[in-house]
Amino acid sequence: MALNVYLTVFKKYTTKRLKNLELTYICACYGIPAIPAMVFLFVSDSSGAHIYGPATLWCWISDEWRFMRIVSFYGPVWIILVSTLVIYILAGRVIFNLRGSLRRFAGSEESQRTPTGPTRDTLGTMSPSPPPTSPQPGDRPIVVNTLQSYSCTVSSGYTARTRNSGVEANTAAWAYCRCAMLFFLALVITWLPSSINRIYNLINPDATNFGLNFAAALVLPCQGFWNALIYTVTTLPACKEFTRDIWDRIGAPFRGFGIKACIRGRRNSKASSLDSLSPG
């Protein structure tokens, strides 16, 4: 997600271009971790101890190679976390600068706009002077204009629909910050206790801290739960629409079956009532 934010904000990637990167993301996410995972199968120290050993809290790296837990896993995890934070901060600065520009533009536009009330112009025609009521003998006939005088009132005006661009900018910026902070907070909650536990084990190889082990075991399985919860909260309208669409598709065959059964039942009841009315 942070990479998508970077490409969208700084490289002006469109949704279509981001969608075309899905195969690359899949290959990178599964291919790059597969390289050390396969290499570690064949690595051992001088005493014959392999890197992989008994699992301790989902970590298959043995105690003889405990420093590899930091080098091969927790170190890259925190590099990615810090990179994610840096991308969010840089993107947030750009978005807030754009928000400020939008608010200034909206303020200047509204200050230059001087709304006026509707104007009314009245157009009219005057009927010609009435002809003499009694024409004199020998005069030429006079054509009387029977058009009545009329007046036309033309009203012109506009209803200025002013959008509060400042409020919209604040809303968009807050939505971005909320999403970014929630995802980063979920990553920190998931990986911080486990990282502290592994550093403690590296410094004190013969000691075990129950509290750190319990905290790591509690938060590590919740990574998917936090991601799903954040996705649902930040895109609640889209999730409702998606759920409604799925429900409609699932219930469509049953609704059709119910309608058909109702029609069939009405036909059968009608036929039975006709049979009861027939003689003999």
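Note: Cβ is positioned from N, Cα and C throughout, glycine not excepted.
TrEMBL: automatically predicted annotations, no manual curation.
Here's what TrEMBL has on this protein:
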- 113-126: compositional bias 'Polar residues' (COMPBIAS)
- 1-235: domain 'G-protein coupled receptors family 2 profile 2' (DOMAIN)
- 108-138: region 'Disordered' (REGION)
- 21-43: transmembrane segment (TRANSMEM)
- 73-96: transmembrane segment (TRANSMEM)
- 173-192: transmembrane segment (TRANSMEM)
- 212-234: transmembrane segment (TRANSMEM)
Cβ-Cβ under 8 Å with the transmembrane segment (173-192): same-chain residues at least 6 beyond its ends: 1, 5, 74, 77-78, 81, 84-85, 88, 91-92, 95-96, 99, 219-220, 222-223, 226-227, 230, 233-234
Integer mean pLDDT for the domain 'G-protein coupled receptors family 2 profile 2' (1-235): 76
